[in-house]
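Okay, structure first, notes after.
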Amino acid sequence: MYIKRLELTNFKSFGGTTVIPLLPGFTVISGPNGSGKSNLLDALLFALGLAGSKGMRAERLPDLVNHSQTRRGHSVVETRVTVTFALDAETEWRVTRRLRVTKQGSYTSTYAVNDQPCTLNELHDQLQAFCIYPQGYNVVLQGDVTSMISMNAKARREIIDELAGVADFDRKIAQAREKLDTVKEREERFRIVERELIQQRDRLQRERLHAEKYQALRLELQEREQWLLVRQWQAHEEQKVQLQAQIQTLQQEQTQRQEQLQQKAQEMAAAAVTLEQLNRQVKALGEEEYLRLQATLADLHAQQRQCQRQQAANQQQQEQLAEQLQQGQAQYHRQQAQHRQLAEELAQQRGDRTPLMTAVANSQATLEALRQQVQELSTAAQTWFQEHSQRRQRIDALIHELEPSRTELSRLQERSQQLRQRQGELHQAATALEGQQLELQDALTTAAAAIKQQEQQLQTLAQQLATAQQQLSRTEETYQRLEREQRQKQRELDQLEARQQAVQETQGGFAARLILSADLPGVLGLVAQLGQVEPRYQLALEIAAGARLGNIVVADDSVAAAAIALLKREQAGRATFLPLNKMARPKPLSPIALAGCIDYALNLVTFEPQYAPIFAYVFGSTLVFESLEAAREYLGQYRMVTLEGELLEPSGAMTGGSQRRPNTLRFAQGVPPQESAEVQQVRDRLGELERLLDRLLQERTHQQGRVNALSQALSEAHQSHRDRQRQWEQLQQQQQQLNRQQAELERQQQYLSQELTAAETELTHLEARLPELEAELAAERLALNALEASPSHQQWQQVQAQLQAQEKIHASQVAALQAVDQALGDRHRQLEQLERDLKQTEQEIQRLCQAQREMRCQQQALDQTLGDLATQIERTQAALRELDSRLGHLKGDRDRHEYQLRQQQKNYQQLEWQYQKASETLTTLQAQLQELSTIEPPPLPQPLPEVPAELSLRDIQQQCQALEQRLRAMEPVNMLAIQEFEETQARLKELQEKLAVLAAERTEILLRIENFTTLRHQSFREAFDAINANFQTIFATLSDGDGYLQLESPEDPFAGGLNLVAHPKGKPVQRLASMSGGEKSLTALSFIFALQRYRPSPFYAFDEVDMFLDGANVERLAKMIQQQSQQAQFIVVSLRRPMIEAAQRTIGVTQARGQHTQVIGLDLTAYP
């Protein structure tokens, strides 16, 4: 793209319409001073809207109209400039600006692109599409180089800001900050309402807790009262039921006892009479004979049992012997049967052997006779044998010749068939190979398409990874920048807090201040600094804590030891330390309900849970009372403090009076003191930074995971692409292999064709020769058959056949005889073994029979003994029965009746005593029941509540008294606080949800601002680095020296300016302000060229930028422009000879007689 044509109508010194054609490359405009050279560049600025009237050397836009037009007195005069760009060889793009000025001095200015009206902003948007920027340096006028030299460092840095697009980011940041201010304003309004609701909620919470506690106590008292009524009624009813049951039971028992006493008396009288009678009968009879007979009978019974056991054992042994004998006899019979069978088989085999021996002898004689006959016939047929042998040899020779031929014929036929079959196989293989080639070609096409698709996927993944890495880098840079700001703000806050801490009087004595200012790790603060109290209870709690408010709380005892060592070393006095790791855990405080008592002092202090052991140590079980009068009732029982500051000890000591504490330690109030606006501002910014860092850390983790995932996906895609590429290469190799196989198949087919032709030729020859050989062989066989048909030969053959048959018969007979002999030997050995077994079995049977006879004798003896014992037992039992019938019955009755009589007497006495005791108890119970019946029970609640079984009536009465005292102590109570607290809590929750949404929105906006800030820094840094590199290169070309751009504040470029540092050849390093005029111009031009190279445009226009340079520097500048003109169109206004000589063409400008500027063009390349 370049400027193809410039058309001016009544513009400044150009009267009428002047068309100036332009070409690509390097063009110089030259002419006398005041001829209107610079007006051409002003026309470009005017048409493209790149400068105002001041930039075009006019006070007002109407001054741009040619003066000859204004002097003619027309009501409206007009000037028009058209710039035509060549986009390519055929396409043009025109920009036209018209300025119409009225006689009154008013004017209108319009723009048109390709004859279509547009606004200036629309024109600039289209120009930017062609890399022509209003803030760029496409047109460098006479004053631009001078202004570059004279401008301050900040303005020079702002040039790079414009090129880097910093203004766009500033605009986005400003918009985000406006939205942030709106969000903050809403959040502040909500915070005010939140604080009011929190205060209201806290107040209502305390009142609600008090009301709920009062309500719970009241409900508990009502429940206990119901329990008391139920327990009283239950006790009354249970006592009545119990007495009635006892009375009824006793009455029934008394009736039964009376009946039993009468019955027992009658039974004892009858038993005494019977016992007396039995005693007289027993004395009349003797007992010694009875005892002797019993002993004899027992002895006989023992002998009988012993004999019976022996008899059972003998019987068992007899059964075993009988079984063994039966088994032996059965085995003996089986062995006898086997012996008879073997004897019969042996006799039969001996009978069969005799005929076999006779047959073998006869066969041997016949065989010898046949052998003699064969020998005689062989001598007579010698001549026949010779002729037969010759015929046989000839037949063999023909067969020897014919068989290889037949074999060869078969081989050739088979070879021909194989070759034809092989040809068919090769044809099929070639067909299959063509199919494989087609499939392989399809696979190659598919693989190539897949590779192309994977390459596109790789490109997409690489772009996504680059974008993700860029986002991660931006997030990381933002995170590091905010971290640096956080550290800076934290240091600033520490300094502010240190100054604020210096004016606070909450650090106790010198020792405490020294410890707190030493920054020892683990020092948590004074007791007074760790708790907050309400103003109402502050005096009482400070009096109760006393000097312990100045104790120093530390994390553990090692910190306390280090602090004590510091006090010793600095000689700063003494202090008490409370290490958290050694303080005893607080014990639960028992519920207290005393008149005038507010609560335990420990419960009135607000502190973090970790400091519970500290404040339990400070206050212990101290109680806070409303007044001294209420506390005096419990003097000596508790440690108490009143709201006015009186202290009552358990020992009875009382401390009180007036007190002034100008410098004592104080508890913190419920609301912390207001901080200064500066501290609050720093603290708010730290909070924002902390939220932003947390959010950035989350985003960095997420982005890092995305980068890792994309890297993994890209690596896998690369691996898949390599696999697919390898597969494609393998397919290509397979295709090459198939091509080689196809060539090999063609070669084999050609070879098989040759082999088949040769085999068929040889086969034809053999098929002609074989019939001749077969005919000759047939003739020889006929002659041999005729020879063999002679009578002598037939007789010899018959005898020979008989001999062979007889030899077979003889051999079979000899084998049969040998088998019979072998069987006879086996039978003899079996028979001998069986005879030995029979003998052993017979001996065993005899032994068992002997043992059986002995057992029968023993059994007979035992039977005799048992019979004798049975007779004796029978006689003894008869004697005992006789005595027993006379004595045993009477004696047993006597003993039994005597025992029964004693038991009856004992039972009667016991029953009589129980009867008397029960009568007394029954009288007492009847009196108690009469008394209970006269008492009426109180009304009971419905339904009846369940009372714990472990609680007695006295326990419930004590609980009711304690609950009544606690309720009286808690009055008055706001019972509406319960409902009001819930409503306030709901409103606060809804408001906090809105605040959470606003906080998230604010964090998002802050993060967006910080990201824009990071992009702003990155964009500036990229532009600065590129322009600095361009400046170094260009300055080295123009001045034979070196130079660079220097930021005044590299850490924060926007906080400082930009300096041009140059080192001309042969001179020390200098800043721009200390250079000469020519050096300044060269340095400024180097900077302008660096800016142009950073943001290249299709054309550049310079207006006498070489006016302050000497000849040598003009030559360098001209050479630089000549080199740059290869990439862009350069239009330079100059009067210097080196510049004109370096140009490709020159446009001459002069002032005509009619005061209009005229131009003429000259192509310098046509004049070498």
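Quick reminder: no glycine exception, Cβ is built from N, Cα and C everywhere.
The number of other CB atoms found within 10 A of the CB of Asn33 (ATP binding site), across every protein chain shown, is 8. Annotated ATP binding site per Swiss-Prot: Pro32, Asn33, Gly34, Ser35, Gly36, Lys37, Ser38, Asn39, in sequence order, evidence recorded as sequence analysis.
Under the heading coiled coil, Swiss-Prot lists 166-508 (among others), citing sequence analysis as support. Confidence for the coiled coil (166-508), expressed as mean pLDDT, is 77.
As annotated by Swiss-Prot, region 'Disordered' applies to 330-351 (among others).
Outside the compositional bias 'Low complexity' (330-349), and at least 6 residues removed from its termini, the chain residues within Cβ reach (under 8 Å) are 820, 823-824, 827-828, 830-831, 834-835, 837-838, 841-842, 845. Annotation source Swiss-Prot lists compositional bias 'Low complexity' at 330-349.
The domain 'SMC hinge' annotation in Swiss-Prot covers 521-634.
If you look up Swiss-Prot, you'll see 652-679 (among others) marked as region 'Disordered'.
Per Swiss-Prot, coiled coil is recorded for 673-790 (among others), and the stated evidence type is sequence analysis.
Here Swiss-Prot flags 820-1011 (among others) as coiled coil.
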Review point. For the binding-site residues listed here, Pro32, Gly34, Gly36, which shows the highest count of neighbouring CB atoms within 10 A?
Key: Gly36
Point to revise | Same chain, 6+ residues apart, C-beta under 8 Å of the C-beta of Asn39 (ATP binding site), given in sequence order | key: Leu8, Phe11, Lys12, Ser13, Phe14, Thr1157
Check your understanding: Under DSSP, the domain 'SMC hinge' (521-634) has how many residues in helix, strand and coil?
Key -> 53 helix, 19 strand, 42 coil
Practice item. List the same-chain residues at least 6 positions away in sequence whose Cβ sits under 8 Å from the Cβ of Ser35 (ATP binding site), in sequence order, or say none. Key: Ser13, Val1149, Thr1150, Gln1151, Thr1157
Practice item. Could you tally the C-beta atoms, other than its own, that fall within 10 angstroms of the C-beta of Lys37 (ATP binding site)? Key: 25
Study note, to complete from the structure: Residues sitting within 8 A of the centre of the Pro32, Asn33, Gly34, Ser35, Gly36, Lys37, Ser38, Asn39 CB atoms (ATP site), not counting those, run Ser13, Gly31, Val1149, Gln1151, Thr1157
Practice item. Give the residue counts of the compositional bias 'Low complexity' (330-349) per reduced DSSP state, in the order helix, strand, coil. Key: 20 helix, 0 strand, 0 coil
Check your understanding: What is the total of other Cβ atoms whose distance to the Cβ of Ser38 (ATP binding site) is within 10 Å?
Key -> 21
